[in-house]
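Annotation source TrEMBL lists compositional bias 'Acidic residues' at A:307-317. Per TrEMBL, the feature compositional bias 'Basic and acidic residues' maps to A:318-329. Summarising the annotation, TrEMBL assigns domain 'DNA-directed DNA polymerase X' to A:3-357. Taken from TrEMBL, the feature domain 'Helix-hairpin-helix DNA-binding motif class 1' applies to A:54-73, A:94-113, A:129-148. The domain 'Polymerase/histidinol phosphatase N-terminal' feature in TrEMBL is assigned to A:381-460. The region 'Disordered' feature in TrEMBL is assigned to A:289-329.
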DNA sequence: GCCGTTTTCGGCCCGACTGTTTTCAGTCG
Ligand SMILES: Nc1nc2c(ncn2[C@H]2C[C@H](O)[C@@H](COP(=O)(O)OP(=O)(O)OP(=O)(O)O)O2)c(=O)[nH]1
Ligand SMILES: [Mg+2]
Ligand SMILES: [Mg+2]
Ligand SMILES: [Zn+2]
C-alpha cells in the first residue's frame, strides 16, 4: 500500500528534527526547509505518493532534493539520508529535544562531553552533578531541567487541549484582565483565535501603559498555579489544569501589530515579515516601519558594502541596547494601531484570523480571489434544535422558539430525536402531536417560521427511522450517525450515501460523529460523499458544538471547493446553546466557506424554495 | 534545502526571557 500524505509528512518531520540535532542549531536553514516541506505536504488534498518527482518539486517549499527523497521513500520505503541521520543520533536524542528548555545546542554538548543521549542517562547526570558542571550551564539550569523532566507530558504544550476547554478559559482570562484599570484592551490570540481544534497554549494580549501592574494582577488570578517565566512584557504560566498561558503586554498604540503577531500563525507571520522586507519595511509586534536606505533588502551593489551594524554607529547606541518592549525609535512607523492598517500598508486586504495558516490565504488575498466569508450576522435561522420532548433536550418547545426569536432568527428547524435513538426518541404519534403544537405556536407568535423536523438516525445499513411516507410529512430532516462508529470505510460511506440520497433528507448532521479529543468518528470516502451532496442538493451541516466542529474545517474547505451547500446549526439542547452559532461560523470561516454557500444565510423565501427543490417537490 | 516581476547565489522574521556570561547564547514565542 502506498504511504499516506500523513506518512510522508511524518518522515519529513523526522528529517527536520534529526537535522536540527545534527546541525546543532534551531535556526539551521535546512531544518526550516524540511519543516516547510512537511507543512506543504500536510496541506495537499491529493495523494502525494502518486506524484512524480517533478510534480512534487513544483509544490511550494519542496525542491529537487526533497522531491527525490519523497520518491525514494514511496518507492523503497526508506530514505538513505534519514537512515544516516538515525544512525548518528539515537532516538533518545529526539526524546531529549522534547524536554522544555533543552535545545539542539545543549543536546549536542550532552552527547559530546558526557555521552548523554537519552532521558535516563540525563537523569543520572543531573543527579551526580555532571550537568551543572558543564560549560555554560549551572545549578539553576540543572534544577530547571530536573523539573522539566518530572513534568514531562503534563503541560498543554505537549498534550494539547481541545478547543472546547481552551476557549472558555481564554474568555474568562480576558474578562478578568478587562476589569483591571491598567488594561486598555485585552484579547485572546494564537491558535484559539485562529480556531484550531486543539490548542497548545493560550495566548492573551493586553494593551497597557503599565505592564508591571497588569503582570502582577495576572499572576494573582485564581486559576494560575505556577509561573514559567515573567519579564517586563511577557509572562508564561500554567493553570492548575496544566494549561499554559502566555500573556503579552504592549503599549496601546501597538495593539494592532501585536494582535497580528500574537495571532500568528508563525508561518503567516514569517510570510508577512518577508513581504515587508521586500518593500523596504520591517514588521515586528510593535509596528510596521520603514527601514533606513542602508538596511533595505536589495543590498546596495557597491563593492565592500557591509550591512552589519555592529562595531560602529549602531542606531541609538549610546551604551545601551534597544529598550525592550518598544518600537525602534529611529524608524518611521507605517502602521501599528490595527491589523487592517498593517495589512493595507503591506498591500493586502484584511485576512480573517481563522485563515492565517499560510496555506494559500496570502496568495488569495493578493489576487483578490478571497471569498466573502460567512459572518454571524448573515445567519437568519438555526436548523438543528432539540427540545425536552426527546433525548437530553433541556428546554421546552416554547422557550426554544422564544430564544430563537430573541436571537433574531426568521426561521427555526425543530429537530427532536426520531424513534430509533436509544435514549428517548419520539414515536410517530408523538411527532404528529408535536407538529400540531408547532403549527399553533407559529400561528400565535407570527414572528418566526417554524419548520417541523426531526433528527433521524442513520442505521448501520443506511436505513432511517419511520418510513418514507411518514418522512415526507416533515418540513426539514437532519439525518445523523449516532451508532456503529467503527465499521470499515466502505460500509460507513454506503450508510451516509443512502441518507444523502433519501428524497426527504435535507441535511446530514455532524458528518463524522466525532467528539474532539475523545472519539475520532466514522471513516468516509469524502470524494463520494461530497459529490453525492452536490448531486442531490442535500446540505452538509456545520455543527456548532465546540466538542464536535463537524464537518471539520478541512471537510468544509473541500466541500466549498466542490460547490456543496452547507447549513450552520447549533444542535442546541438548551436555550443558551443557541448562542453557539458563532462557533459554527468561526469553523466555517476556517474552512473558507463563502456566505452564499450557507443555506441559512438565505431569506426565508429562497431557503424554502431550495428545500422544496432538494426534496424533489 | 529553497528560492527569484530586480537575484540561479546569498540570503533566509524578529524579539523576550533566563542563566550565565562579562557581553551573550540558547530557547522559546
Ligand atoms: N514572528 C514569529 N512569530 C511567532 C513565532 N513563534 C510564535 N509566534 C507567534 C505566532 C503564534 O501564533 C503566536 C503564539 O505562539 P504559540 O507557540 O502559542 O503558537 P499557536 O498559538 O499558534 O499554536 P499552539 O496551539 O499554541 O501550539 O506567536 C516565531 O518564530 N516568529
Ligand atoms: Mg498558543
Ligand atoms: Mg504561546
Ligand atoms: Zn442533534
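Heads up, the Cβ atoms here are built off N, Cα and C, so glycines get one too.
Caution: TrEMBL annotation is automatic and unverified by curators.
Remark: secondary structure over the domain 'Helix-hairpin-helix DNA-binding motif class 1' (A:129-148) totals 10 helix, 0 strand, 10 coil, with classes taken from DSSP. Only residues 6 or more beyond the boundaries of the domain 'Helix-hairpin-helix DNA-binding motif class 1' (A:129-148), in the same chain, are considered here, and those with a CB under 8 A from a CB of the stretch are 99-102, 106, 109-110, 113-114, 122. Averaged over the domain 'Helix-hairpin-helix DNA-binding motif class 1' (A:94-113), the predicted model reaches a pLDDT of 96.
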